Amino acid sequence: VGNVRKNIFLAYKTLGVVFGGLVTSPLYVYPSMNLSSPTEADYLGIYSIMFWTLTLIGVVKYVGIALNADDHGEGGTFAMYSLLCRHADIGILPSKRGYSEEEPFLHEQSATAIRPSKLGKFFERSITARRVLLFMAILGMCMLIGDGILTPAISVLSAIQGLRAPFPAVTQPVVAFLSAAILIGLFLVQKYGTSKVSFLFSPIMAAWTFTAPMVGIYSIFRYYPGIFKAISPHYIVHFFLKNKKEGWQMLGATVLAITGAEAMFADLGHFSKKAIQIVFLSSVYPSLILTYAGQTACLINHLKDTDQENIGKVFDDAFYKFIPRPVYWPMFVIATLAAIVASQSLISATFSVIKQSVVLDYFPRVKVVHTSDENEGEVYSPETNYILMVLCVGVILGFGGGQAIGNAFGLVVIMVMLITSIMLTLVMIIIWRTPPVLVAAYFVPFVIMEGSYVSAVFTKFTEGGWLPFAISMILALIMFVWYYGRQKKTEYERANKITAERLGELLAKPEVQRVQGLCFFYSNIQDGLTPILGHYIRNMSSLHSVTIFVTLRYLLVPKVDPQQRIAVRRLGPRGVYQCTVQYGYADNLSLKGGDDLAARVVSCLKQHVEAGADGQSSPVSAEEEAADLEAARAAGVVHVRGKMRLYVGDDAGWFDKVMLRFYEFLHSICRSALPALGVPLQQRVEIGMLYKV
C-alpha cells in the first residue's frame, strides 16, 4: 500500500515537471501547419498521423522500451552513453575508461556486464565508431539545449496569442513583446530555485490536463462525433496519396504533437519509472488524444472559413477557435500558466544536462549552483540561464510568428528522438542481448518513421530550421574543442608526470624546506604527480609538511556511495599523500552539512593511517602520523591549483593551432572547481605553467 501511495504521489508531481512540454503541445501544433485548401479527408489524415505518432513513439517506444534503458535510475542520452561505456570499453577520454580493480563499487554496479557482443567488440576496436557514438551523445545533449530555447518561446507565444481574437487591435508584435516580457521575468527568478513555486506546477498542469480534453469532448459531440474513425491508418495513406509533397512536408508540423516525450526519459532520475508510466497512460495520453480530436472536429466544422484568404488565420487561431466563449478567459489563464510551467520544465532540464556535461568533462566548467537542499537534481547555472534568456527573447522577437518557431522546433524534437532510437538499439544489442528479430522489429519501423519526419523537417531548414541546427553545431564545436584540448593536456601530463621517486629526489635537495601547514595540491592525473609540482618546488623552494595531491574524478555512474567518495594512499615521502575524490554525473559536487573538504580528507586520512589500509610501511608510527595531520591543519590550510597553459609551437599543424587556441580561450573564461568545493578565496593559490604542443 505504501508503494502504491508513493507512486501515485510521484505520478501527480510528474505532471508539473516531466510532462509540461508534451501536454501543452496542442497550443502550437495546428498553428505551425500550412496546408492549402484542406478538406475533411485532409484533417482526418492529419489527426490519424498524430494519433499513431503519439501511440507508437509515446506509448511503445518511451513508456514500453526506453524507460527500461536507465543507468541506475538516470535517463537520457548521456545516461545511455555511460551505460554503454561501462558494459563495453568504448569510452574516449582515458579518465572515463579502464576502471581499476580498486573500485569495487563500480564493478558492483556493472555486475550484469558479460562478454562483449560482436558489435561491442567492433566499437572497442574502432576509434572512429567510438567518436561517432560520442558525437551522437553530444548532439543529443545539444539538441536538448535547443529544446530549452524553443519550448519557452513557442509555448508562451502560442498561449498569449489568445489575446488577438477578443482584441483585434492587439497586433502580432504586441503579442511578441508581451511573451518576451513574461520569459524575461521567468529567467530572472531562476536564481531563487523552483522549489518555492514548484508546489503550484502540478495543480496548474492537472487543471490543464483535465480542462483541455473536456473542451475537446465538447467539440467532438458538437461538431464531428465521428472523428475517431480517423484512427484507421488508411486515412494516412489517403492523405499522402492526395497531397504528395505537401503532405510529406506537413510532417514537419505534426511531429510537434510528440514534443516533450523525450523528457519522460531525460527526467527519469527525479521520479520512478512506474510513476511516469502511470501518469502518461492514465492522463497525458488520453488528454492529448481527446484534445487533438476536439481541435480537428472544430476545424472540420469551419471548413467554410478555410478559403485562401482565411487559411492562415484559421491555423494561427486553431487552439483558441475551439474554446467555447463562456470558458474562453479561464482557459486563456490556464493555458498561459501551463505554458510558463512547460517553459520552466525545459529550462530546468537544460541546467541538469549542462551540469552532467560539466562533471563528465565534456563541457567547459561553468558555475552550477544547487538551489535546494532536499532535491539534488535542482540546479541553476547563471551563465547558461542568461544565454538562454537572450536566445529565447531573440527567437520571439526575430521570428515573431509561431509557424517559423515551429519549423525550428520540429528539427530539435525529431533529432533527439532519432538519436535515442539509435542508442537504444545499441543498448538492446550490446547490453540486453535482445534477439536480432526483436531488434529489427523495433529498429526498422521506428527509424523509417523518424527518418521520414527528419527528411520533412529539413525541408523547412531555410524557414527557421537553421536556428537549432546552428546552435547545436556551435555547442558541439565547443564540446569537441574542449575534449580535444583536454586530451592534449592529459597526454602532456602523463608523458611528463613526476613519480614518487622523483618527488623524493626533489625534496632531498638542501634548498627545499618543509614548512608547517596543510596543502591540497589539485591534479588531473591519478597514476603520478602533475608536472606543475616540479615547477612549484623549484620556484617556492618549499613544500608543506603535509601535502595531499587531490584528483577530482568523475565516473560514468549516476552516483557514488558517500562512504566511498574519498580514497587516499601514501606516496612515499613523509607527509605526502594521494587523494581521489570520486563523483557520479548526477552527484552534487558541493560538500554539505558544514563539513569542508579539509575536514573530510583529514578524517579519511586518519582512518586510513590508523588502519594501515594500503599496507605500505611508514617512517613514523600511526600515532605520530595522525598528530602531524592535526598539527598541519591547525597551522593553516592552502589549496594550490595549477593552471597549465598551452603553447602552440611554430611546427604545429594549422588544425592544432586553431583548435588549441580556441581551447585556451574557453579555458581562460571557465571557472575553477575550488569555489564549487567550498574552498575559501583566501586559501586559494594558482600556479601557472606553459607547455608546448
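The backbone N, Cα and C atoms fix where each Cβ goes, glycine too.
The feature transmembrane segment, as given by TrEMBL for the ranges 12-31, 532-551, 552-571, sits at 12-31. Contact check: the transmembrane segment (465-484) against the transmembrane segment (200-221) gives fewer than three Cβ pairs closer than 8 Å, residues 6 or more apart, which falls short of the contact criterion. The list of residues near the transmembrane segment (248-268) in space but at least 6 beyond its ends in sequence, with Cβ under 8 angstroms from a Cβ of it, reads 14, 17-25, 28-30, 32-35, 46, 49-50, 53-54, 57-58, 62-63, 66-67, 69-70, 73-77, 79, 144, 147, 151, 240, 276, 280, 288, 292, 342, 345-346, 349, 352-353, 406-407, 409-410, 413-414, 416-417, 420, 452-453, 455-457, 459-460, 465. A mean pLDDT of 72 is what the model gives for the domain 'K+ potassium transporter C-terminal' (517-692). Counting only same-chain residues 6+ beyond the ends of the transmembrane segment (169-188), those with a CB under 8 A from a CB of the stretch are 152-153, 156-157, 160-161, 163, 336, 340, 343-344, 347, 385-386, 388-389, 392-393, 396-397, 400-401.
Looking at which of 132-157, 200-221, 275-294, 386-405 has the most CB pairs under 8 Å to the transmembrane segment (43-63), the answer is the stretch 275-294. Counting Cβ pairs closer than 8 Å to the transmembrane segment (411-432), the top stretch among 12-31, 200-221, 275-294, 386-405, 439-459 is 439-459.
Against the transmembrane segment (132-157), stretch 386-405 shows more Cβ pairs under 8 Å than any other of 12-31, 200-221, 275-294, 386-405, 439-459.
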